[in-house]
There are 2 protein chains.
Amino acid sequence: MIEEKNDEVQYDEAFLRMLLDEENIESFREHFLVLHPYDQAQFYEEVGPDIRQIIYRYLSPQEMAIIFETTEIEDDEYKTYLDEMDPSYGAAMFGFMYTDNAVDILNELDTEQRENYLEMMDEETVDEINELLGYEEYTAGAIMTTEYVSVVESATVREAMRVLRQEAQTAETIYYIFVVDQAHRLLGVMSLRELIVAEGDLYIRDIMSERVVSVKVTDDQENVANLIKDYDLLAIPVVNENRELQGIITVDDIIDVIEEEAEDDYSKLAGIADMDDNDAGPLRAAGKRLPWLIILLFLGMLTSGLMGIFEATLDKVALLATFIPLISGTSGNSGTQALAVAVRGIATGDIGGKSKFRLIVRELSTGLIMGIVSGAIVVGIIFFWKGTLMIGLLVGAAICCSIIVATLAGSFIPILMHKLGVDPAVASGPFITTLNDVTSIIIYLGLATTFISRIL
Amino acid sequence: MIEEKNDEVQYDEAFLRMLLDEENIESFREHFLVLHPYDQAQFYEEVGPDIRQIIYRYLSPQEMAIIFETTEIEDDEYKTYLDEMDPSYGAAMFGFMYTDNAVDILNELDTEQRENYLEMMDEETVDEINELLGYEEYTAGAIMTTEYVSVVESATVREAMRVLRQEAQTAETIYYIFVVDQAHRLLGVMSLRELIVAEGDLYIRDIMSERVVSVKVTDDQENVANLIKDYDLLAIPVVNENRELQGIITVDDIIDVIEEEAEDDYSKLAGIADMDDNDAGPLRAAGKRLPWLIILLFLGMLTSGLMGIFEATLDKVALLATFIPLISGTSGNSGTQALAVAVRGIATGDIGGKSKFRLIVRELSTGLIMGIVSGAIVVGIIFFWKGTLMIGLLVGAAICCSIIVATLAGSFIPILMHKLGVDPAVASGPFITTLNDVTSIIIYLGLATTFISRIL
C-alpha cells in the first residue's frame with residue numbers, strides 16, 4: 001500500500017489511542033512500530049503525559065530512543081518530557097541514540113540532571129558524549145556524530161565492504177567511507193557508489209579520492225552548511241587540528257541548520273525573539289514579541305523627544321507634519337532593504353573579506369540613485385498636488401538624503417557587527433527602521449527649520 | 001593531501017590561467033579535471049568570455065556538462081554563456097546533463113533558442129526533456145530527475161545489485177532503490193544500506209519497505225521540501241495520478257529549494273524584488289529595490305493626504321505631531337511581527353486548514369496583551385515626562401488600538417492571500433508597515449480631533 005504524503009497526518013491517531021486504551025500491547029506495537037519515526041514522534045508529542053506513560057511501558061528504551069531524537073520538542077521542554085520517564089529508562093534511551101542527538105538534548109538540561117543521566121550510562125558512551133559536550137555550541141564539533149564508517153588506506157575493496165556491512169546497523173550514513181592512516185588521520189574518501197562498482201581486490205588507497213572536503217571541529221555550523229550545499233555532499237568529515245578524523249556531519253542535520261539560520265535571520269528582520277510560536281498561546285506569543293516592541297517604544301520616545309526641538313517649526317507650518325510618516329517610512333523601507341541584502345550576503349558567505357569595502361561603495365551609489373529618483377518623484381507630486389515648489393523641494397531633499405543615509409546605515413551596521421564578532425542579524429529590521437526614523441526626521445525638520453523663512 | 005575547506009577559493013586560479021595562456025592543454029586538463037565540479041564551475045565563471053573560449057576547446061561537451069549544471073549563474077545570464085558556445089557543442093552538453101538540470105536551464109531560454117537546441121539532440125533525450133518541460137514551475141514534476149534506479153518486485157537482491165552496478169554511472173542517486181510492478185507503479189522502496197546487508201537470494205518484495213513516502217508530479221516544491229526535511233530522506237519518488245513512478249527528487253536539489261523559499265520570504269519581508277544582488281552593480285541593485293520603494297512612496301503620499309484632513313487639529317496642538325513617528329513605528333513593528341509569524345507558519349505547513357481561525361483568535365489576544373502593556377507604558381512615560389495625563393492617555397489609547405489592528409492585519413492578510421491562492425509573502429513587510437502607518441495615524445488623529453476640547 002502506497003501512501004501519498006502531504007502535510008496531513010499520516011497515521012490513524014484514534015486507532016492507536018484505542019489500542020492503548022484497551023491495553024492491547026501486542027496490537028499497538030504491531031501498528032505503531034511500522035510507522036516512520038517521524039510519525040511515531042508526532043503521535044508521541046500529540047497524546048499528552050498520561051498516555052505517554054503507557055507508551056513508556058510498551059516500548060523499549062531502544063525503540064523510544066529513535067522517537068525521542070526525532071521529536072520536534074522545543075528546547076526548553078525536553079526536561080518536562082524526560083521527567084515523565086523513570087531515570088534509568090531515560091539513561092538507557094540516551095545510550096541508544098546517535099551521539100550527536102543525545103548531546104543536543106543533554107545540552108538543554110541543567111548540569112545536575114545531565115550528570116545524573118551520565119552516571120547511569122556505560123563508560124564508553126559517556127566518554128563519547130563528554131567529548132562532544134566539550135565543543136562550543138554552533139560549531140562543527142557540537143553537531144557532528146561519531147557514528148561513521150572509516151577504513152585504513154591499506155584495506156582492499158572487499159575488506160571495506162565487510163566493515164561496511166558490520167557498521168550498517170549503527171553508522172549514521174554508510175554512503176561515504178572515510179579513509180584514514182594508522183594514526184586515524186583523514187586521507188581521503190570513497191562513496192559507496194564507487195565502492196560497489198570497484199574490483200574486490202583493489203586497494204582503497206589506489207581508488208579513493210584524495211580531494212576530500214573537510215571541516216575543523218571549531219568551524220562555525222553555517223560554514224559547514226555552505227560547504228555541504230555548494231559541494232552537494234551527503235556528509236562532511238570533521239577533523240581536529242592534527243587532521244585526525246573526529247566525526248561526520250550528515251546532510252539531514254545540515255538541513256535543520258540551514259532552516260534554523262534562515263529562520264533566525266528572518267525572525268530578527270521582523271523583530272521577534274524566536275519564531276516557533278504558532279502553537280503557543282497568546283501570553284507566550286506576546287512574551288516573545290513584547291521585549292523588542294518595548295525597546296523600540298523607548299527608541300520611538302527618543303524620536304518624539306528630538307522632534308520636540310522642532311515644535312516651533314511645526315507650530316508655524318502644520319502642513320510639514322503631514323509628510324513625516326512619508327519620510328520616515330521611506331527611509332525605513334530603504335534601510336531594511338539594504339540591511340536584508342547585507343545580512344544574507346554575510347550569512348551565505350557571498351560577502352568575503354575584501355569585498356566589504358566594495359559593498360559599502362556599492363550601497364552608497366545605490367542609495368544615491370534611489371534617493372535622486374525618489375526625491376524627484378516627490379518634488380513632482382507635491383508640486384502638482386499642493387502647488388508649492390518650496391515644500392516639494394524640502395520634502396524631496398529630505399527623502400533623498402534619508403534614503404542615502406538609511407541605505408548606508410542598513411549595510412554598514414551589519415558589516416560592522418560582523419567584524420566585531422556579533423551576529424549581524426541582531427541589527428534587526430525594526431531596530432534599523434527606528435534608527436532611520438530618527439535620522440530622517442532630524443534631516444527633514446532640520447532642513448525645514450533652516451529654510452523656514454522661504455517656506456512661510 | 002587533505003584540504004581543509006572554508007569559504008575561501010580552493011584552487012590555484014593563477015596557475016590554471018597560466019596553463020591556458022600557455023595553451024598547455026595536457027597540463028590544464030590534468031590539473032583542472034581533478035577539481036571538484038563546484039570549484040571547476042567557480043573558475044569557469046571567474047575567468048571571463050575570452051578564456052572561456054579556450055576552455056570550450058579544451059574540454060569535451062561531457063566534461064563541460066558537469067561544470068555548467070554546477071554553476072551558480074543567474075537565471076537571466078544562461079543565454080549569455082550559451083551564446084559563447086558553438087550551438088552543436090551546447091546541444092551535446094545538454095545531452096550529458098541530468099535531465100532535471102538541463103530542463104532548469106532550457107526553461108530560462110526563449111522558445112526559439114530552446115527549440116534550436118532540441119532539434120540537434122537525440123530523440124530519447126528530447127522526449128525526456130519535453131516531458132519535464134511540460135510541468136508547471138515550482139512543482140515536483142518540474143524539479144524531479146528521471147535518472148533513478150528501479151527494480152521490479154519479483155527481482156532478487158542479487159539481481160537488484162546487478163541493476164544497481166549498471167546504473168551507478170548515470171543515476172543521480174543509487175542509495176534508494178524504488179520497487180515497481182510490471183506497470184511501473186510504485187510499490188515500495190529499499191535503501192542500499194538494507195540491500196547490502198540482505199541475503200542474495202531473497203526477493204525484493206519480501207524485504208522492501210511498503211511505507212514509501214511519495215509525492216505527485218503536481219505537488220508544490222515547498223511541500224516536497226517539508227517531507228524530505230521531516231522524514232530525513234535522501235530522495236523522494238514522484239508519481240503520477242496512476243501511481244506510476246515518474247522520477248525522483250534528491251536532497252541536494254531540495255536544499256536549494258529550501259534556501260530559495262527562505263530567501264524569497266526574507267526578500268519580501270524586506271521589500272526587495274529578489275535578493276541575489278551582492279555582485280551586481282548599483283544600477284542593477286537600485287533597479288531591484290526602486291519598484292517597491294516607489295509603490296510605497298505613493299502609499300505614503302496617501303498617508304500624507306489623509307493627515308491633511310487633520311491639519312486643523314495639528315495646527316492647534318503641534319505637540320501632537322511629535323508622537324506620530326512613535327505611533328506609526330510601533331504599529332508597523334507589531335504588524336511586521338505578526339506577518340512574519342503567519343508567513344513562516346504557512347510556509348512550513350504549521351498552519352493547517354482548521355487552525356487558521358485559531359491563529360486569528362490567538363493573534364487578536366496577543367495584540368490585546370501587547371496593546372495594553374505598551375499603552376500603559378506610554379501613558380506613564382508621557383505623564384512623567386511632559387506632565388500631561390490627557391495627551392498621555394490619548395497617545396496610549398492610540399498605541400493600544402494600533403497594535404491590536406496591526407497585529408490582526410499582519411496575520412489576517414497573509415492568511416487571506418494564502419486562501420485566495422496568492423503567495424502570502426507578497427504581503428511584504430513594507431506593504432503591511434505602510435498600511436499600518438495609515439490606520440494608526442487615522443486612529444491617533446481621529447481620537448485627537450474627537451477629544452480636542454479636552455486636550456487644549
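Even glycines carry a Cβ here, placed using N, Cα and C.
Confidence over the domain 'CBS' (B:144-207), given as mean pLDDT on the 0 to 100 scale, stands at 92. Per TrEMBL, domain 'CBS' is recorded for B:144-207 (among others).
Look at TrEMBL and you will find B:208-266 (among others) tagged as domain 'CBS'.
Annotation source TrEMBL lists transmembrane segment at B:290-310 (among others).
Residues or ranges marked as transmembrane segment by TrEMBL: B:364-385 (among others). Same-chain neighbours of the transmembrane segment (B:364-385): 326, 330, 334, 338, 391-393, 395-397, 399-408, counting only residues six or more beyond its ends whose CB sits under 8 Å from a CB of the stretch.
Marked as transmembrane segment by TrEMBL: B:392-417 (among others).
Look at TrEMBL and you will find B:429-452 (among others) tagged as transmembrane segment.
Counting residue by residue with DSSP, the domain 'CBS' (B:208-266) contains 26 helix, 18 strand, 15 coil. Residues 323, 326-328, 330-332, 334-339, 341-343, 346, 351, 356, 359-360, 363-364, 366-368, 370-372, 374-376, 378-383, 386, 423-427, 432, 435-436, 439-440, 443-444, 447-448, 451, 455 of the same chain lie 6 or more positions beyond the ends of the transmembrane segment (B:392-417) yet place their CB under 8 Å from a CB of it. Secondary structure of the domain 'CBS' (B:144-207) per DSSP (helix as H, G, I; strand as E, B; remaining residues coil): 21 helix, 18 strand, 25 coil.
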